[in-house]
């Protein structure tokens, strides 16, 4: 995509007030649920304000995020993500080590894309619940704690807060789908079972002109492979959502304190296509991309984001939820085989992070 003087309108993603929803009854509540249903069907995403993750916790998370990425390279390398990341999904990755893609399943094709596509100029820290028990092989986050005292305690706080909000999301899903047991999904979504995951992202500063011309990149277009994504942006911007009707990407501007709740691949499959897995990407802020402000060759400010993924328990089969027997509109990714949530996660993670052979690692 190139810079254009023609404005691109932001995605018409609705803003939902969760405090108001939880306090509502009767017809008012039915209308709120209808709006959520429509948003997840049409956009695959919704802004949420007045959620249960307090402003103080969110601001603290961004402080810790920046502190981590400001650490010396040697410290970050000490918790580098393992080569067999599909089995040990935790650790830091540097620029160019991962590649986001959509609908590409052939490892040879992924390697070709790595060589031909612009490098995603970002670092990431993949995090599992610090209270969980995992097979040997994960990086030891105590190595970070030695340089950032209090880091692990905050991670416990962060995961607990995000898990609580995720359960609220799942109860609303059950209510929209007409389930009697509003904890039906939550019972198959347990912490410390690799069902919760968080990614902290740092997008490097780079010339605006490179991003706008497509010669440089921040995050390729992709869907998320979870049930729900809870995304927290800083105020820099750059997130874009695919508009299927117009076949263009539209900006999703940050709203201070809000989170964006996106439908992932698993939930699209579980709702049998009723809701769409949100295809999205990260590029330059819209004021640079679409003619609002000439970026020139000035350095683009850095960007940080915090992401929390709710994932079905790994041993659960992926199949339609009760009430979703009738196929819906969406089929973002064709799945030929019935598989468990763990198999799906391993497949997507391996394509994003694992290299075909050790000799190809840059």
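A Cβ is built for glycine as well, from the same backbone N, Cα and C atoms used for every other residue.
What Swiss-Prot lists as Fe cation binding site is 222, 224, 280. In the three-state DSSP scheme, residue 224 (Fe cation binding site) is classed as coil.
For residue 303 (2-oxoglutarate binding site), other Cβ atoms within 10 Å of its Cβ number 24. Positions annotated as 2-oxoglutarate binding site by Swiss-Prot, on the basis of sequence analysis: 303.
Among the features that Swiss-Prot reports, domain 'Fe2OG dioxygenase' is placed at 199-312.
Across the structure, residue 280 (Fe cation binding site) and residue 303 (2-oxoglutarate binding site) place their CA atoms 16 angstrom apart. Neighbours of the Fe cation site: apart from 222, 224, 280, residues of the same chain with C-beta atoms within 8 angstroms of the site's C-beta centroid are 100, 102, 221, 223, 229, 262, 277, 278, 279, 281. The most densely surrounded of the binding-site residues 222, 280, judged by C-beta neighbours within 10 angstroms, is 280. Cβ environment of residue 224 (Fe cation binding site): 262, 264, 265, 277, 278, 309 lie under 8 Å away, each six or more residues apart in the same chain. In this structure the alpha carbons, written CA, of residue 222 (Fe cation binding site) and residue 303 (2-oxoglutarate binding site) are 19 Å apart.
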